[in-house]
Amino acid sequence: MQKQEKIVKMFDDIAKTYDVANRVLSMGVDISWRKYACKKVLDNFTHQNINIVDVACGTGDMMGMWQSTAQKQNVSINSLTGIDPSSGMMEVGKQKFPNFTFIQAYANDTTLSDACADILSISYGIRNVVERQKALIEFNRVLKMGGYVVVLEFTKRQQSGFLSKIRDFYLQKILPKIGGFISKNKEAYEYLPSSIQDFLDAKSFCDELKETGFEIIECKGFSMEISTLFIAKKIKETK
Ligand SMILES: C[S@@+](CC[C@H](N)C(=O)[O-])C[C@H]1O[C@@H](n2cnc3c(N)ncnc32)[C@H](O)[C@@H]1O
């Protein structure tokens, strides 16, 4: 099995316990990170009718956050589409959100048409995308000019310091134990810290976004830089 297929199978295997593990491991704080991201971007679309695509949508939590935040901010959503290659994760999402559209596809080949989206988000997903550069080119293709790509991700730390050591201790020692206990799949939760190590630091990921036609609007770390939010605007075509 190829690396990308193995990653997707791992998410299929942990799909049923994913939401519980997520809430416990982030102590619910991920909700505030998601809310901040949605609110910040939707501020640009008040009274508009927009299309949102959520890539690596998993069990649909980011889609739910887009919907509830849009309602509060007087933004009307014309379409809200989730993309994910894991049928197991999307099955859970469909049960939670029966009215949303889910498409089984990879980030680098979403099957969507050119310039169809005003916003494209990917939360805790880009780290799992093996063909990341192709995916960023695909995001550029799917977004309208001036549209926003919104990425939440665990990035590799840029500096070493006391807080970074605490963060690494939590990610490497505590998280795999708790996640493994909840999901009964320790391997999947050992993959998380190793996938963060294999990913980029925030600055390098900003550089990749810039190279694929995006202008960085915001790059913000949350909770001891455990999670980073990237908001970037499409300013040129990469095709
Ligand atoms: C950590 S989960 C995040 C789910 C959801 N976005 C959230 O915030 O809870 C990562 C998701 O990425 C998906 N994924 C893995 N490889 C992918 C790829 N190449 N393209 C798109 N999604 C992918 C997995 O199936 C999984 O649902």
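Cβ atoms here come from the backbone N, Cα and C positions, even for glycine.
Copied over from TrEMBL, here are the features:
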- Thr59, Asp84, Ser123: S-adenosyl-L-methionine binding site (BINDING)
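The DSSP secondary structure for Ser123 (S-adenosyl-L-methionine binding site) is strand. Cβ atoms within 8 Å of the centroid of the Cβ atoms of Thr59, Asp84, Ser123 (the S-adenosyl-L-methionine site) belong to the same-chain residues Asp54, Ala56, Cys57, Gly58, Gly60, Asp61, Met62, Met63, Gly82, Met89, Gly93, Tyr124, Gly125, site residues excluded. Look at Thr59 (S-adenosyl-L-methionine binding site): DSSP puts it in coil.
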